[in-house]
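Colleague: The following block contains the structure, expressed as structure tokens.
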Amino acid sequence: MENGAAPTAPAVIVAIDGPSGTGKSSTSKAVAAQLGLSYLDTGAQYRAITWWMVNNGIDTGDPHAVAAAAGKPEILSGTDPAGPAITVDGVDVAGPIRTQEVTSKVSAVSAVPEVRTRITELQRTIAAAAPHGIVVEGRDIGTTVLPDADLKIFLTASAEARAARRSGELKGADVNVTREALIKRDAADSSRKASPLAKADDAVEVDTTDLTLAQVIECVVTLVEEKRAGK
Ligand SMILES: Nc1ncnc2c1ncn2[C@@H]1O[C@H](COP(=O)(O)OP(=O)(O)O)[C@@H](O)[C@H]1O
Ligand SMILES: Nc1ccn([C@@H]2O[C@H](COP(=O)(O)OP(=O)(O)O)[C@@H](O)[C@H]2O)c(=O)n1
């Protein structure tokens, strides 16, 4: 099978977690496209709700205010790996959710339990509806959102490699500033009470520090194909 899922291939649910810059989005999109699966970027959903809070004057540093507003925005996520769309109340926010302001506030918003309950429910509904299966990437997919996933991957990489990758994207960004911001966000995501960033006990850990993106994709595709063959 070269491209797309064979009509008889069983649906497969893949959870890909890990800290920032380990390659979750690039790997997940490519694996989903190659195997004919749907794709869900859960970080984009947390960014979208954060964008809405900022746009509506909610103090993102006040967990009570964030909790009270958590049910208000309507967040819709597309699942096409070739063009994953995200809208809030009908507005395309694919660009605005990537600003520095949203990036600096997203950890505080996503630590609020009411936000997580709402977004987790959306994620489970989307995963259940995927016809051939789905690759879902985030921080708590293997541990909390989809604990029965067929395959769980936990990507890691050194802080240096991750910072170099991220500052390559943010043209002109100082690599040391990027590294500190990334470490701070990972610490916040790992230490929160409500479903923190964590490796599930049954996840396969892949250290991508010295691997090319193509090598990581190949590794994950092989693991998915092995799972499918055994189903
Ligand atoms: N193994 C790798 N080697 C080099 N660059 C990579 C690798 N994996 C991802 N990248 C690049 O690093 C950046 C961050 O990757 P991304 O997939 O967005 O990470 P994450 O979703 O984990 O934050 C992207 O520019 C991507 O192309
Ligand atoms: N499953 C998830 C996914 C993201 N998040 C939050 O959303 C933020 C942005 O996620 P992202 O995947 O877009 O982050 P990067 O791609 O910038 O690393 C994370 O830093 C977490 O605070 C989460 O709490 N749980």
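Every residue gets a Cβ built from N, Cα and C, even glycine.
Those TrEMBL annotations? Automatic predictions, nothing curated.
Reproduced below are the annotations present in TrEMBL:
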BINDING   G18, P19, S20, G21, T22, G23, K24, S25, S26  ATP binding site
DOMAIN    14-225  domain 'Cytidylate kinase'
Colleague: With the cut-off set at 10 Å between Cβ atoms, which of these binding-site residues ends up with the most neighbours? Options: S20, T22, S26.
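Modeller: Its Cβ has the most other Cβ atoms within 10 Å: T22.
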Colleague: Could you give the mean pLDDT over the domain 'Cytidylate kinase' (14-225), rounded to a whole number?
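Modeller: The average pLDDT of the model in the domain 'Cytidylate kinase' (14-225) works out to 96.
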Colleague: With the Cβ atom as the reference point and anything under 6 Å counting, tell me which of the binding-site residues (S20, T22, S26) are near ligand 2.
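Modeller: Once distances to ligand 2 are taken from each Cβ, S20 fall under 6 Å.
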Colleague: Tell me the Cβ contacts of K24 (ATP binding site) under 8 Å, same chain only and six or more apart in sequence, or just say none.
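Modeller: Set apart from K24 (ATP binding site) by at least 6 residues yet with Cβ under 8 Å, we have I16, D17, G18, G43, E137, G138, L155.
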Colleague: Could you find out if DSSP has K24 (ATP binding site) as helix, strand or coil?
Modeller: helix
Colleague: Inside 10 Å of the Cβ of G18 (ATP binding site), count up the other Cβ atoms and send me the figure.
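Modeller: Step by step: centre on the Cβ of G18 (ATP binding site), count other Cβ atoms within 10 Å, giving 25.
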Colleague: Taking the recorded ATP site as G18, P19, S20, G21, T22, G23, K24, S25, S26, identify the other residues of that chain whose CB atom sits within 8 Å of the mean position of the site's CB atoms, giving them in sequence order.
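Modeller: Same chain, not in G18, P19, S20, G21, T22, G23, K24, S25, S26, Cβ within 8 Å: T27, E137, L155, A157, R162, T208.
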